[in-house]
Amino acid sequence: MSKETLILLYGGRSAEREVSVLSAESVMRAINYDKFFVKTYFITQVGQFIKTQEFDEMPSSDEKLMTNQTVDLDKMVRPSDIYDDNAIVFPVLHGPMGEDGSIQGFLEVLRMPYVGTNILSSSVAMDKITTKQVLATVGVPQVAYQTYFEGDDLEHAIKLSLETLSFPIFVKPANMGSSVGISKATDESSLRSAIDLALKYDSRILIEQGVTAREIEVGILGNNDVKTTFPGEVVKDVDFYDYDAKYIDNKITMDIPAKVDEATMEAMRQYASKAFKAIGACGLSRCDFFLTKDGQIFLNELNTMPGFTQWSMYPLLWENMGLTYSDLIEKLVMLAKEMFEKRESHLI
């Protein structure tokens, strides 16, 4: 049986590029090499495409993918050179220029099947403010928030936030993930500092009510036939689940499945499915919820390309459902081909 070619795109221009490398290295070790031949392309911090390793069998344990520190510019190619008539692309890219519709649009121009959500749902989910506006239309509960757009009246935004929200308040760039650029404000001074920090990453800022809550996550998989996992819980050893806590300091553990009652579990799974469909998503996503002590559920975020490291919540959630990491990758490839065939069948 001939092997299918799977192209891993990783790295990228966003602040989440290091997470992308970790995810890609985990994926390349989980792939079933009896079924796939793997090509890898590294996207540098400035957007160059670099042709990197190819794997016909499981790489050795010490094999590392190219990074910005080890990049070989002699292997630079034109972005369109990744085209392969019979390949499926797995864009293991997080954040802007990765899961915001940009790379998805590029791959659709090339007419290549790709793992993950489409252009529209990627771009909607990448913007936290737009996501909130869309999900409000289908009745998915969310915490109170205000917004600030660079160039608008900052003093008015701060005044409105102080009048309608109470400390602690979380300030987030609208278009960033992995907790990059997010900070917690406990007074007006730190609120201003938090907005300044967020503006370094985006011109659209979400100012959100902080809640004392457990962080519960649900995995989503499918195209028309959407499946969800039992929830998993992020158990924190830190006050705020930031980028370093997630990926550097290892200050979190996960409880899978989460210890929640059946009614709460079912409600979260239904909200996750409803949110996924509301943004027109396909392939995969992870829905992140807050669960308060009095049982209130709030959807915090919809992540269309969740972390894929061996310790990431998304693959672990599916493993708990009986789907191994390797089988999950095969399922995602199948869903990618299914969506590609549907796109190609549409008249334009």
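Cβ coordinates are placed from backbone N, Cα and C, and glycine is handled just like the others.
Marked as domain 'ATP-grasp' by Swiss-Prot: 132-334. Feature annotation from Swiss-Prot assigns ATP binding site to 162-217. Among the features that Swiss-Prot reports, Mg(2+) 1 binding site is placed at Asp288, Glu301, with the record citing sequence analysis. Among the features that Swiss-Prot reports, Mg(2+) 2 binding site is placed at Glu301, Asn303.
Across the domain 'ATP-grasp' (132-334), mean pLDDT in this model comes to 92. Taking a C-beta cut-off of under 8 Å and a sequence gap of six or more, Val211 (ATP binding site) has these contacts in its own chain: Val143, Phe290, Thr292, Phe298. The two recorded residues, Met176 (ATP binding site) and Glu301 (Mg(2+) 1 binding site), have Cα atoms 11 Å apart. Closest to Leu162 (ATP binding site) in space, going by CA atoms and restricting to the binding-site residues Asp288, Glu301, Asn303, is Glu301.
For the binding-site residues Ser183, Ser190, Asn303, the ranking by surrounding Cβ atoms (within 10 Å, all protein chains) places Asn303 first. Rounded to a whole number, the C-alpha distance linking Glu301 (Mg(2+) 1 binding site) with Ile169 (ATP binding site) is 16 angstrom. For the pair formed by Arg204 (ATP binding site) and Asn303 (Mg(2+) 2 binding site), distance between Cα atoms is given as 18 Å, rounded to the nearest Å. Separation of the C-alpha atoms of Ile169 (ATP binding site) and Asp288 (Mg(2+) 1 binding site): 18 Å, rounded to the nearest whole number.
Across the fold, the C-alpha of Asn303 (Mg(2+) 2 binding site) and the C-alpha of Ser183 (ATP binding site) stand 19 Å from each other.
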